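Working notes for the structure below.
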Amino acid sequence: MAFPPNSWRPTGPLPTSSLSLRWRVMMLAMSMVALVVVLMAVAVYAVVSRALYDDLDNQLHSRARLLIESGSLAADPGKAIEGTAYSDVNAMLVIPGRSIYTANQQGQTLPLGEPEKDVISGELLMSLRTANHQRVLAVHLANGSSLLISKSLAPTVQVLRRLGTVLLIVGGIGVAVAAIAGGAVARAGLRPVGRLTEAAERVARTDDLRPIPVVGSDELARLTEAFNMMLRALAESRERQARLVSDAGHELRTPLTSLRTNVELLMAAQEPGAPPLPEDEMAGLRADVIAQIEELSTLVGDLVDLTREDAGGITPEPVDMADVIDRSLERVRRRRNDIEFDVDVIGWQVFGDAQGLGRAVLNLLDNAAKWSPPGGRVGVRLHQVDHMHAEIVVSDQGPGIPPEERRLVFERFYRSDAARAMPGSGLGLAIVQQVVLKHGGALRIDETVPGGNPPGASVHMLLPGQRIPDPGATRSAEGFVDDRGGHTVATE
């Protein structure tokens, strides 16, 4: 059975784990506590067991030493061995070739194995071992006799069993307390994470970009603040996108409507039986169509450049701003060969987006050329401000920009009343500002001739970078080197 392309799609998020993070934290706490409890229990059991066995061995050694040093074994061995029956030990005295004396507790028999036989035969001086649930000590005496003493391990085993029970209960309580504490800590610690999760789900479900309240100053508070920064950036991006779409639609509607009207007139004039239009009107319509197509092309190009700058992801590279100015001047000069350019530039390198910087400089020059009268002059200067910054100044002899509009001209699609009669999309200076700010620079607008009539406009573009070593030389727009040390060069 064949499935159509793209017929299968996941219906929801894939599960990441069978256990929630809270349960995993609690299980981790339980596991760590259980491991510590087991290690401590084993250590305590081993230490106590060793201590009990050492105490039992010391008791056997003390009892044997007491019997030997008292002399009762030599004086009356039978009575001395019988006396041990009233204590808690089993005893045996072996006198080779004569007799064996024994005294056992009720229900017990002193074990006699190979180690004890080796002591009796004199092959070993002493042996100590565990046999038949008893601790057995055998000592070979100086007179050739052998003394054997044993004691039941039942009391010791009972103490160790009780100790194991206590350790098990205490360990279980510790693990349970650790589970409860781990759950409480996980619940309290993951509460901000839960708020972040709810916020993310709310954003995905409703597009609600309200920030989350930040509580405290710990790592989770920093995570919340970072998430809020992401929400603010997303809100700004959506606002810019909506504004761009709205403004672009508005700006495209006018030239498209005019273009459609002109095309319909041209088509109607070509229909059979239609009255012919005068040639001058036909030429005017065709010129209008071409102008409107060029306006649309410019607007679409500006929109592409603007969205390109918004998208980012551009690999920076060293850019020689003098070369950028040279190339931009060549393009502007082809469009406006009726004005002169006074160029005074130095070698200055900026680490950034070559295409974006070129577009910014070209827009400044285009704007200055657009507002300059025929035969006017446009000044282009690139000079060093300090050891880290240089400034590009583009000056024209146009009507200037009123102070109240100098901030607005960098807004997208903003066009003053005077600018609406001129070609353009209202995006040129917005692109300039976006490029300059992305490179860590700044923009300002002054009058070319303060108080003049017309005052003109000078746009100052400050860019960080470094000087390109070229002592005693200034580059012109034509690419030659002027050895006069930075004099103004006029090009046409």
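Backbone N, Cα and C atoms are what each Cβ position is placed from, and that goes for glycine too.
Quick caveat, the model's predicted, so the values are computed rather than measured.
Of all ranges given (240-262, 470-492), Swiss-Prot attaches the label region 'Disordered' to 470-492.
For the topological domain 'Extracellular' (49-165), residue counts in helix, strand and coil come to 55 helix, 31 strand, 31 coil, using DSSP. In the predicted structure, the topological domain 'Cytoplasmic' (1-27) carries a mean pLDDT of 57. A Cβ distance under 8 Å defines the sequence-distant neighbours of the transmembrane segment (28-48), meaning residues of its chain 6+ beyond its ends; these are 159-160, 163-164, 167-168, 170-171, 174-175, 177-179, 181-182, 185-186. Shown for the domain 'HAMP' (187-239): DSSP residue counts in helix, strand and coil, namely 40 helix, 0 strand, 13 coil.
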